[in-house]
Amino acid sequence: MSLLFSRCNSIVTVKKNKRHMAEVNASPLKHFVTAKKKINGIFEQLGAYIQESATFLEDTYRNAELDPVTTEEQVLDVKGYLSKVRGISEVLARRHMKVAFFGRTSNGKSTVINAMLWDKVLPSGIGHTTNCFLRVEGTDGHEAFLLTEGSEEKRSAKTVNQLAHALHQDKQLHAGSLVSVMWPNSKCPLLKDDLVLMDSPGIDVTTELDSWIDKFCLDADVFVLVANSESTLMQTEKHFFHKVSERLSRPNIFILNNRWDASASEPEYMEEVRRQHMERCTSFLVDELGVVDRSQAGDRIFFVSAKEVLNARIQKAQGMPEGGGALAEGFQVRMFEFQNFERRFEECISQSAVKTKFEQHTVRAKQIAEAVRLIMDSLHMAAREQQVYCEEMREERQDRLKFIDKQLELLAQDYKLRIKQITEEVERQVSTAMAEEIRRLSVLVDDYQMDFHPSPVVLKVYKNELHRHIEEGLGRNMSDRCSTAITNSLQTMQQDMIDGLKPLLPVSVRSQIDMLVPRQCFSLNYDLNCDKLCADFQEDIEFHFSLGWTMLVNRFLGPKNSRRALMGYNDQVQRPIPLTPANPSMPPLPQGSLTQEEFMVSMVTGLASLTSRTSMGILVVGGVVWKAVGWRLIALSFGLYGLLYVYERLTWTTKAKERAFKRQFVEHASEKLQLVISYTGSNCSHQVQQELSGTFAHLCQQVDVTRENLEQEIAAMNKKIEVLDSLQSKAKLLRNKAGWLDSELNMFTHQYLQPSR
């Protein structure tokens, strides 16, 4: 593909060169025209390129999302280059080839110009002398007009006579004045090729040669000294060109020995005179001025008759033979000499004008293109370095994000397990401590001091205060046993969480973690609710004789079985005999098998049933005992029994009732509290779990904020990298475009500025 592109470029270049050579062969002046068109096109492209570069640099400089990749100085430099290129483009658009004709008065300067233009454009001949500088250039219009110096007024000059009359009537014109003669291009083809012809007054009529040179000669590409072949070069003519040579480096000077047709009258002296003129002119150009080599001097000195050439060309333009009329001998030779001068002049001025008008600007354009290319290369490198840095930062943040996610997952699993272990340990500690406190409940109840009275109203208040005392005492004792250890364990776990998650947070947040994570003073709430728990407690503070029938049965059988025995019924349910044993390896139990307790209940129940059936049973038993021990022992027993009854009855005071009440309450409360041991342990473990989970949740919230910040930074980095990548592409494109413009300038230099080999 690159080979094909290279071949295409080569073909295009060859075609351009061929077209260029064809134009040059057609007219040497086309060389300047094509060069001007080419350089103007290059500067137009250069201006558009610098405008694009300036806009790009300014937008990049003002992009707040980017770190600086260009400087304000670079932006101002490129804007300065833009103004310079625009100024040069305006100058190039006005550039043209300029030839200045100088010589003594009436040497035929205007006639030479008219002969070159194939028409009587400037007044010449007898009675007409040029009294100011005349600048002849083409115009696209169809009417000729004059422009005087310092005025935009167009003065009509349709014919040479009108022009001559206008010039002589204007009294303000002096030798140093400039009048522009704008002549239609359609009438003079030579003017189409950006050629300006400068006619001048005779250099022998003024002493203001220095001001003439400064004003009219510094931008001239070729100087033509029109000399009179009937005399030698005058010192005035030499002096003027010495001054020109001092102000300009190696000016292009042609010497026309005009009126050479006069030599035809003396043919025997023609060659001798020609040789003398050639030697003197060559010596002047080579030895005195040093503007050409001796080998090149022959191409700068010509012997012509401008009047003959002008007349011949006017006749040819009118359709008549150019050799018609009375012509001196040797006309064709002099015509050929004039044509040879024109050819050499055109070649010289086109080469010289291209070099003097375009070379400096071409060099400046190359410098500007190179400067902008270096700026674009600098921007490209800065953007590339910043992109690499952003990619490293993005990768670092991505790694950080992955580390946080992985570490958070591991820590969550670890802390979940540890929280479970701590809650189980808390439940075990609370359950153990509560069981021990229940066993010591009687001590706590005995510590309760309040006036006791068996009336229902006082008992209700007594119970409520006892409930409060029990709940506060149990809570205090449980707190002394468990809270300190549990709180220490919880705080240790919280600190471990903070230490574990702190590395996942930014450095700026780590020092503020204690303020970001709320850590309130934790205390266990045991929530025993003794008033509700013991709401069904029913005290029994009525007097009961210790050896009474009810108390004895209650003592031996317990409250439940004594009630069954005293009520006189048997609620025993006969066990059915299964058809098949539940366990084939074990034989079925016999139907009459009873436990020892059931056997005792059955005996006493039977006895009670017997005594309840008939009062005769008492007499029978009493008679049996009477016969066995005697009446004295029976009387003594009844006496002691009665004394014991009286004693217990007398000692059944309010204090005794209070002790009975507290004993009954301890038994009832112990039974109820045993039922809530598991619940209380679970409740405390749940409180610890909630506290630890809340701490971990707050820490995770801070980690989530860090993750969100990292994700936002990664997204910003991605956007920034995308912008930087676009900047690099644009900067690279503009850098390469500068290289392309440089190659265009090099091609222009090779085609138009380097001398042909």
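Keep in mind that glycine also has a Cβ here, set from the backbone N, Cα and C atoms.
Fair warning: this is a prediction, and the values are worked out from it, not measured in the lab.
Among the ranges 154-157, 258-261, 294-297, the stretch that Swiss-Prot annotates as region 'G4 motif' is 258-261. Swiss-Prot lists coiled coil for one of the ranges 343-386, 519-562, 695-738, namely 695-738. Cα separation, Thr111 (phosphothreonine) to Ser442 (phosphoserine), rounded: 150 Å. Same-chain neighbours of the region 'G3 motif' (199-202): 100-107, 109-110, 113, 122, 129-136, 175, 212, 216, counting only residues six or more beyond its ends whose CB sits under 8 Å from a CB of the stretch.
Reported as a whole number, the C-alpha separation between Asn258 (GTP binding site) and Ser442 (phosphoserine) equals 154 Å. In sequence order, Lys662, Arg663, Val666 are the residues of the chain that are 6 or more apart from Ser442 (phosphoserine) and have a CB within less than 8 Å of its CB. Within the group of binding-site residues (Ser106, Asn258, Ser305), the Cβ with the highest number of other Cβ atoms inside 10 Å belongs to Ser305.
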